[in-house]
Structure formats: structure tokens, C-alpha cells
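**Student:** Would you mind keeping the following structure in view while I ask a few things?
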There are 4 protein chains.
Amino acid sequence: MRLIFLGDVVGRTGRQIVTTHLPRLIERYAIDFAVVNGENAAGGFGITEEILQSFLDAGADVVTTGNHVWDQRDALVFIARQPRLIRPINYPPGTPGAGATMVTARNGARVFVANVMGRTFMEPLDDPVRPLEHALEMHKLGSEVDAAIVDVHAEATSEKQVFGHLLDGRVSLVAGTHTHCPTADHRVLPYGTAFITDLGMCGTYDSVIGMEKDEPMRRMVERVPGQRIGPATGPATLSGVAVDTDDRTGLANWIAPVRVGGDLDPALPTRWEED
Amino acid sequence: MRLIFLGDVVGRTGRQIVTTHLPRLIERYAIDFAVVNGENAAGGFGITEEILQSFLDAGADVVTTGNHVWDQRDALVFIARQPRLIRPINYPPGTPGAGATMVTARNGARVFVANVMGRTFMEPLDDPVRPLEHALEMHKLGSEVDAAIVDVHAEATSEKQVFGHLLDGRVSLVAGTHTHCPTADHRVLPYGTAFITDLGMCGTYDSVIGMEKDEPMRRMVERVPGQRIGPATGPATLSGVAVDTDDRTGLANWIAPVRVGGDLDPALPTRWEED
Amino acid sequence: MRLIFLGDVVGRTGRQIVTTHLPRLIERYAIDFAVVNGENAAGGFGITEEILQSFLDAGADVVTTGNHVWDQRDALVFIARQPRLIRPINYPPGTPGAGATMVTARNGARVFVANVMGRTFMEPLDDPVRPLEHALEMHKLGSEVDAAIVDVHAEATSEKQVFGHLLDGRVSLVAGTHTHCPTADHRVLPYGTAFITDLGMCGTYDSVIGMEKDEPMRRMVERVPGQRIGPATGPATLSGVAVDTDDRTGLANWIAPVRVGGDLDPALPTRWEED
Amino acid sequence: MRLIFLGDVVGRTGRQIVTTHLPRLIERYAIDFAVVNGENAAGGFGITEEILQSFLDAGADVVTTGNHVWDQRDALVFIARQPRLIRPINYPPGTPGAGATMVTARNGARVFVANVMGRTFMEPLDDPVRPLEHALEMHKLGSEVDAAIVDVHAEATSEKQVFGHLLDGRVSLVAGTHTHCPTADHRVLPYGTAFITDLGMCGTYDSVIGMEKDEPMRRMVERVPGQRIGPATGPATLSGVAVDTDDRTGLANWIAPVRVGGDLDPALPTRWEED
Ligand SMILES: [Fe+2]
Ligand SMILES: [Fe+2]
Ligand SMILES: [Fe+2]
Ligand SMILES: [Fe+2]
Ligand SMILES: [Fe+2]
Ligand SMILES: [Fe+2]
Ligand SMILES: [Fe+2]
Ligand SMILES: [Fe+2]
């Protein structure tokens, strides 16, 4: 089975690169299932229902989020009617929306997607391990589900790597998000789970994590507040990973970076063309 | 001019991959200047004088550090007699050692190397900008020095990217360290400075940031203290970047990842072979 | 009913002031129930079973803790056989010990005591609100229990004050601990719960939060590590609060500071003598 | 000499209690010099020039601030023409305003006032020790100045206590601010400096650090954003300390809490009436 997961979409340039290139990637590589992290899609802060729909229209099967999920307050309402939008599973009981979902892919496959949030250098949230374990018990890879994907939205590389190892052998892919910077450590872990510490962002990299760079530069020097900071403009890069899974076990055969456009080294899942 | 910069060396496996492969890389690609971040070389915590010497013997021209610089207390003493070992420049006045240095490379070139520490999600330190600006004023790229390299040891991707832009056009390379995870966003910034958010580590990647994974996994679940954590064993990866600079301006022609051994996708600066 | 709660006992001088004066206070004021926070009793870090016993012998009915609870590793074992020692309730399921307990006081009264840990500026832990609410539902003040005491071990004043208001009218006393500095904001909240943001410590105040001051002073200036830091010696102060509760409702009639010995303004619950 | 220092004034109720009672206190006790921390005076966030003037009119000789100093952006401008308004001394060079000042008191005495900001659990700022030492060298107590007052605006009790000891014997008073909760550890340190870990706030204590309590209570439970939070209304308490200094040495004879109005135990510097 063929999966793609794109990192945090930041602002207009990020949305454009995703809605333009995700459909092409899906078609060209016959991708079965696509996930997009949309927590910064609306001007860098949160997501609107309209933007969510544009991602679904572009081929996203599930949209994950993170600490910015409620920046657009409407999300507290529309998440209830949008089962393909999920938020971190470790918000307290009673929080609108769900932290995991099961979706039937284009190819009929059953795909489980979960979103957890880290706690190191982040706001206080509940334990991410236990609710995720609970959800995974009901969605066993290779029997109940054909693929399983976990978005670990976290700051610290250590915390994301712990999640990779904790889930190794039980899900298809553990992908970190939140730092807006793609890592080059994608690999298949010893027990068969594809892993990457961070997917990077879909947005303009000539920036500070996707936002205009002038004001953050000034603040670093002057340490007093100034202008509001908006998303950067300029050529954008789509950034994420492609994962090929075993149809029987749901585990990963390989993982490869996907980068299209903008300033970063391009990368395409050409192994799918070789098959 | 040809530069190489390797990220945080972690423990014995990290030291071995560096002392084995750095000399080969230098020879094969006729590299003029090598920098290594050694803050985790001694069992994951700090650096000893003996280990420092082994890096210099292997071809390192300068060894940088970070928040772990004093984990081996002797470093507070031997740094005074080791001008090629530097520590973050934004420690307070009177701190042993220096935060920047000027070294003559194998090819006779004058190379400036500085080390700054970020402050987001890190211990309180002084302003890194002003002392760095002060040092750079006396080491102008293209006139006083032939190359200039800055190690930004920081947690937050945003803070490292701000430094890239602040220094763009004035140094050859801004390389982030500390997260122990290589990023894939290496590029030449608009005004000619090569940049990468993090070099990654030289060490065993089947781990949690280079350390044994079992205890961090247990702690994530149980949240009570347990065993001491030591460096991971198993195949190690050398991780860093190669930068080709213009001999006249000192700015970067290109930057490319360098990864040798272990679990990550290999990468070599093959462009140097084409020339 | 007459309650006393003493803040974090730090080191030998703290233990001595408590074991000397707690029995006298209990006798002089006919106190029915005593709680002591013991997380720093053993050299500033954790508590041993022997020290626990010395507090119980001195009249403590329950000993609470906080982030230092496991500093003496044995506590992970002996807490299981010591029902009067509790740890923060929001450790994950499976953690040794309990976060709340019900104890019969000298006067036959049933007293509920709970310990929660804050999350602002502290290590990641689970939600403290829900498990506490769950425990309180089964220990209703004025019906199931005659008094209820909650130790909110937290750094931020805001977090502790939120707990005061959340619990107002449902427990006898909400007392903050952890900062080792007594606050002067003790009062009865609008719905009848006695509150203080922090009880302060029992220990030597000519210090830095109970520890020797020289090394912390040096580190503030030099920002490099040095000596280990042990508890301060010198005259110690016992610090806590006295609370008088209504026998029928279990709510507070009044709250008053208790300070004996050392450098702080002395304070005794003399209102009990007037009755 | 007679000094008074009032902690963070929060919102309208805080301003009213200060402008009403500060003049009375000054008159009744013949106070020579008054300092007020005004960082939360304007709706909880920052200070306006008009509010500053109202404090000066009420008898404040100097107004100190903290991390909220620039919340009202105008402060970046009007601080230049208001020498009696100071901001933390450890903002970087070039920041508007000053971090210390020398003012002539009603009685002709020369009084030095400085404001430093802590760095533990706070935003990154420069070293507070060195600029403060530099300023103190030029304002020696007992020779160049008759009294010296330092506002240590910091979160951690440990950091504030270190400042007390570092300055002990060299200034008249070290007073902590920022937590909005008065501490009961006021005392004269061994070398003659009056000290208190936190002055508390001037504002409504039936609140969460002076702000309306409902929304913080909801957020603690639900962990999703909601309404904006404004200052609490209801009876306010003025909170600070009175310090009596030796006219020759400038060191403290005694320190006493001052609390007027609202929910806290009242406290007045009645020792001045006995003299
Ligand atoms: Fe994001
Ligand atoms: Fe995020
Ligand atoms: Fe490191
Ligand atoms: Fe580091
Ligand atoms: Fe404590
Ligand atoms: Fe504590
Ligand atoms: Fe404040
Ligand atoms: Fe503040």
C-alpha cells in the first residue's frame, strides 16, 4: 500500500503548493492514502473549515493538527462534523473532536490515523501514551487495519524518537510534526515501522519556520515586541514522506522523503516508478 | 575552499565513526577545514582532553560545544590551553575558554569559527547576538578571513533560522547543532551563507538522540526515575555538511549533506569529485 | 475541628524544628489532625522510611510529597506499605503509592487528604483535576468526611489559586507547597474553603529555598557548574497554617499562619486559646 | 529614612487602592520615598503615561516594571521622557528607558532604584547581575546614595533569594515582584539589607493573580482557549513593605508588611508610630 504524509501547511503559499501538487503526486504514484498536518494552514494559526475542505478535495484522507488546532475558534465547532479532521488524542475527556480515526482508503483498505502531542517544552496536556495504546488495541495492524499512521506533534527530538520506538512493529508510520523543519533521519525501525523525526512544513522556507523573517530577526536583537508576524511569501516547498507498506502485515517496506518546489533539495518517491 | 562540519559526537560509537571516517573524507575530497561538535563525546556528557586530541588528530581544526561543555569538569581547566576547543560565546565574561577563534587552515586560509548558544527552551545565558557581532566585525569575510563558520547550538528551529538570516552574507556557514537529528533544509541563503537547521549527530541512530532507548521508553510510560542512561551501541552514522566556498568572497557555492555508515541514507559531497 | 499543615521540610534543620515543635503545637492547641509535606526531608531530596516514621511519631497523620517524591529511590518500594505517605495523584496509573487517602483522626473524625501536582513550569504529568474530582466524589465533605485537605504542589501562583477556586466549598483547606516560601495570602475563600498559595518550608531561611546559599550565588554570577548543594544549617523556622473547621460542614471558620523559630516573624494560632 | 514599596498594581481596582491609600500612608507615617511596580496597571497589561502620572501624583517617586512593561506599546516611546519610570536593566543595549535611576526624595535624600528581571521560567534576557553591579558601583550606599532599592522581577523564589544574598549589605531593600502573591518571609538579611521574596500585588485577591477567575478555572479543566481575561473586580488590597533605614549607613533597621483593604490580613508599619 502507498502512503503519503505532508507536514504542517503554513499559510497561503503552503496551501497552494499542497493543493497543486498533492493531486499530481497521488495520481503519478498511485498513492492510496494521504495525510496532511493542517494546524498552521490559516495564516499560520489554525485551520478553517473551508481550508480543510480544500485539502480533502486535493486528496487528503485525514488532516491532523497540533497545538495550533484551536487558533481559529470555529474549529471547536466544525471539528464535530468533520470526522477526517483530528486533534491530539491527549486533550482531556470532553474536548471536541477525536484524536484518532479509521478511514477507508481509495483502495478499500482500512487505515487508522492518530494524532498525539508531546509535552516537553509544550503546554501541559495529558499522557499521550495510554489513550494511544487504547486506540491501537482496537485497531491491530495486519488484522483490524491495513495501515496505521501516528502524527507525533512535539518539539523535542527525544520525545518523538521515543514514540517511534514505543510503536515500532505496531504501526506503519510514526511521523513527527511541529518544528516545521524536515529531518533527514527517515528510516524503517527494527520491527518494521517507518519513522521520521519531523516531516518539515509545506510553505516558504526563506522564512522563520514559514513566517516572515524580518520581525523575528528584529526581536532576536531588540527583545521588545513589534509588528504582528504573518506567513512568508515566496516560493514554497511541499515536504513530507512516502511510505510503501506490506499489504499483509501493514509494516513498512521503505520510507522516502518527498519535497517539491521552493528552496530545498527536491525528492520524489521514484522507487514506486521502478516497481 | 572546502569545509566540513560534523554534528554532536555521542559516545564511543560516535567517536569511532568520526575518527575512522573524518580522515578518509578529508583525504578523498581534499577538504581544507574541518569542524566537529564534541559536547557529547565523553559518554554522552562533555568532552575530555584526550578525546579532544583524538578529534584534532583525526583532522578536526576546531571543536565546538554547547550546553554539555562543562559536564566533564576538567574542561573548565584544559579549555584554557586548548585554543581549538571553543564554547558558546554568550557565557558571561570571565568564563574559561573562548567563544570564537581564528585558525589557519591546511591550505593557509584564515578561518573564523564561533559558537553561540540559543536561549529558547534552554538555560539562561547572555545575548548571543552582540558578542558574535563584535567578533565578526574584527573578522570580516572576504578581507580579514577567508571563511567563517558559526555553530548555533539551540533547541528551537526558529531560533536557529533567525541566526541564519541575521548572518546571511557575512559568514560562509551557519550550522545548527544540539537536537542530534539532521535536518534536510540545507541550502544557500539569499545573500550567500550556507545554512542547515541541524547537522544531526555522529552516533548510533537506533537510539533516543544517541542514548540507549530502553530507559527513555520506560520513563515516557511510567514517569518515575530509574536507571542511568548511557550512549547507545550499534552501527553509527557520521552526520554533517560539506560546504564549497568562493575563494574570493568566502561565501558558499553550495552545501551538501554528509552521512556515512549506520541507518541513515548515505550522502557524500560528490560534487567535489566532478570538479 | 483543628487542623495544622506544615510546608516542605528541608534537611536536618527542617526535620528537627518539626519533630521538636509539632508535638508541642498539637498538645498546646489540642490539634486534631496534622499534615506535613516531606518531599525534601532527606538532605533536600526525597524522604526515607525512617524520616517518614519520625514525622508520624511527631504527630503527623499524613505526609504529602511532590516532584521530589522519588529522589530517594526506596520510596518507590516503601510507599506501598506506608498508607500515610501519599504522592501526587496525577502520576500515571500503575505508579506506586496513592495520591489521596482517608485517615481517622485522633478525635475519631474522618479526614480526606489529597496531593496534586501542578504542570506549569514543572515536569509533564497527567491532568490533576479529574482524578482529584473522582476522589472527592467519593469523599463528600460534611457527609462522608469531616475534613478534606488538598496539597497543591506547584510552581505558579496562578495554578495554585485556580485550584483554590475550583475546590472552594468542597474541601476544608487547599494549601500550596513547592516554592519553599510562605505566602501571606491565607484566607477563607467565598464558599468556605481555607486557602494559602504556599505554606513555605520548614527549614533554614538564611539560605536559598533551604539549601546552602554560596553555590547558588556563585552559579548566578558564573553560570558554570560547581559543588553539590546541600541543605543550609543555622536556625530553622517551622512554617505552615492552622485551620479551624466547622464540625458539621467541614468548611473553614478561619485560617492562620504558624511560624516558629528562626528568622521569620513568629505566628501562632492564638485564636484557639481564646475559645 | 522611611521607604515604602508596593507590588504589581493590577487593573482598575489596584490603581484605586493605590491612589487612595498611598497618599494617606505617606502622610500618616511621614514616608520619605515610595516605589510602585506598575507593570500590570493598564487592564492587567502594561502601563499608560496617564496611569504613570496618577501614581506619581499619589506620591510614588519611582515606578518599576517587569515582563509586561511593553504591553502598552506607547511605553516604548514615553519611557524616554519619564525618568521616574524604569524597566528591567537587563534588556539589551539600545532598549528605550533605563533600568536604574537616582532620584532625590522629599527629604533631600539621594535614592537609587534599580529593576532587574529574572530568567528562570521567563523570557530570555541578558545577565541581570553585571549591569546591576555596574550601576551599584557608581551609587555606593552610605556615601553616594542614602538609600538603594532593587526590584527583582522574577518567577522563581530561588532566583529572588539569590539576589537578596548577592546584594546583602550593599542596598537598603531587595524586593521581589511578579508572582502577585505576597510572601511572609520579609526580614533583614545578615549584612543589613531588607528582603522579601515577593511584595504581592495591589489588586483584587478574589481572583487568579488579580485577573477574573472564571476563565482560568475553565481553562484548567478544559485546556482549550476561550474568552479574553480581564482584571478582577471586587474589594482590592494594597500590598507591599515598609522599610526603616539607618540614615548614616542606608541599611535597614527593620522591614514590615503593609496591607490595606480587601481580603488579606491587614498590616501597617505601626513601629513608625512608636518612635
Ligand atoms: Fe506547526
Ligand atoms: Fe505545532
Ligand atoms: Fe548535543
Ligand atoms: Fe546540546
Ligand atoms: Fe519542596
Ligand atoms: Fe517541590
Ligand atoms: Fe505583574
Ligand atoms: Fe511580571
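Backbone N, Cα and C atoms are what each Cβ position is placed from, and that goes for glycine too.
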**Student:** TrEMBL records C:D8, C:E39, C:N40 as Fe cation 1-binding residues. Which of C:H165, C:H180 is assigned to the same site?
**Tutor:** C:H180
**Student:** Where TrEMBL shows C:E39, C:N67, C:H178 binding Fe cation 2, which of C:H21, C:H153, C:H186 is named for the same site?
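**Tutor:** Looking at C:H21, C:H153, C:H186, the one TrEMBL places in the Fe cation 2 site next to C:E39, C:N67, C:H178 is C:H153.
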**Student:** Report, in whole Å, the straight Cα-to-Cα distance of C:N67 (Fe cation 2 binding site) from C:E39 (Fe cation 1 binding site).
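**Tutor:** C:E39 (Fe cation 1 binding site) to C:N67 (Fe cation 2 binding site), Cα-Cα distance: 8 Å.
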**Student:** Just to verify: the residue among C:H68, C:H178, C:H180 with the fewest other Cβ atoms within 10 Å, which of the recorded positions is it?
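**Tutor:** Ranked by other Cβ atoms within 10 Å, the recorded positions C:H68, C:H178, C:H180 bottom out at C:H68.
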**Student:** Compare the C-alpha of C:H178 (Fe cation 2 binding site) with the C-alpha of each of the recorded positions C:D8, C:N40, C:H68, and give the closest one.
**Tutor:** C:D8
**Student:** Rank the binding-site residues C:N40, C:N67 by how many other Cβ atoms lie within 10 Å of each Cβ and give me the one with the fewest.
**Tutor:** C:N67
**Student:** Excluding near sequence neighbours, so keeping only residues 6 or more apart in the same chain, what lies with its CB under 8 A of C:H153 (Fe cation 2 binding site)?
**Tutor:** C:N37, C:E39, C:T64, C:T65, C:G66, C:N67, C:P88, C:N115, C:V116, C:M117, C:G118, C:G176, C:T177, C:H178
**Student:** Whole-number answer please: how many Å between the C-alpha atoms of C:H180 (Fe cation 1 binding site) and C:H68 (active site, proton donor)?
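**Tutor:** With distance taken Cα to Cα, C:H68 (active site, proton donor) is 13 Å from C:H180 (Fe cation 1 binding site).
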**Student:** Cβ within 8 Å of the Fe cation 1 site's Cβ centroid: which residues qualify beyond C:D8, C:E39, C:N40, C:H180?
**Tutor:** C:G7, C:V9, C:V10, C:N37, C:G38, C:A41, C:G44, C:G66, C:H68, C:T177, C:H178, C:M201, C:G203, C:I209, C:G210
**Student:** Rank the binding-site residues C:D8, C:E39 by how many other Cβ atoms lie within 10 Å of each Cβ and give me the one with the fewest.
**Tutor:** C:E39
**Student:** Less than 6 Å between Cβ and the nearest atom of ligand 5 is the rule; apply it to the binding-site residues C:D8, C:N40, C:N67, C:H178.
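**Tutor:** What lies within reach of ligand 5, judged by Cβ under 6 Å, is C:D8, C:N40, C:H178.
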**Student:** To the nearest Å, how far is the Cα of C:H68 (active site, proton donor) from the Cα of C:N40 (Fe cation 1 binding site)?
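**Tutor:** Cα to Cα, C:H68 (active site, proton donor) and C:N40 (Fe cation 1 binding site) are separated by 7 Å.
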